[in-house]
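> Below is the structure I would like to discuss, written out as structure tokens.
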Amino acid sequence: MGPLPRTLELFYDVLSPYSWLGFEVLCRYKNIWNISLQLRPTFIAGIMKDSGNQPPALLPRKAQYLRNDVRLLGQHVQVPVQFPKDFFSVILEKGSLSAMRFLTAVSMEHPEMLEKVSRELWMRVWSRDEDITEPQSILAAAEKAGMPSEQARGLLEKISTPKVKNKLKETTEAACKYGAFGLPITVAHLDNQTHVLFGSDRMELLAHLLGEKWMGPCASSHKRQTLRMARRSKTIGIKSRPSASPSSTV
């Protein structure tokens, strides 16, 4: 029997494009590394308020950098991220409260659907420039993720209940206690120690802490390509080439 998986918590909000990038990388590695990945839907506005931080896009120079940075990282990580046309309205006016309450309800009652529904909400707001605040928008994301319509409607009815509201609040407060000042944060629980990593670009450091191999942000595709090459080599009968003998060396 091998060692038990190490617990990783990913605190995220679908309003954060960097959360999406980190989310996809960890989802690719969850079946490669010896980890137990726990997704924690969190309310980023609550973290910003608690920490006294402000959205980086409020500063023009940061906003310009952010747009280019997210575009390049999306290409690197192979995530189809695109900035919404009315970025400030999406971030500062509409927000993500209903969406994150819905994901909280999903995590409480149907955790097996949390990854797929989260991804579809990101796809709406950060790839197709679609709404994530209206009930029909949230239902559309859930159904596209494969959730039955009746089940999705039942969860949507619960987002205003104290149970769901309090759970999202508790998760957000937990992130704040870990020292969060933005999202995503990855919390690694290793050998009675807790390591908190901020951002989507700390995965190589995370691999170091875990003692695991880092194979780049697209590890699953790399693994599939390696398997395909191995199968192809076996099919056509390719064998390892013997080492050159001293007499054949120039």
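Quick reminder: no glycine exception, Cβ is built from N, Cα and C everywhere.
In case it's useful when we look at the structure, here is the feature table from TrEMBL:
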type	residues	note
ACT_SITE	S16	active site, nucleophile
COMPBIAS	221-234	compositional bias 'Basic residues'
DOMAIN	7-210	domain 'DSBA-like thioredoxin'
REGION	221-250	region 'Disordered'
> Averaging the per-residue pLDDT over the domain 'DSBA-like thioredoxin' (7-210), what integer do you get?
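Value for the domain 'DSBA-like thioredoxin' (7-210), mean pLDDT as a whole number: 97.
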> Within 10 Å of the Cβ of S16 (active site, nucleophile), how many other Cβ atoms can be counted across all chains shown?
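Excluding its own Cβ, the number within 10 Å is 23.
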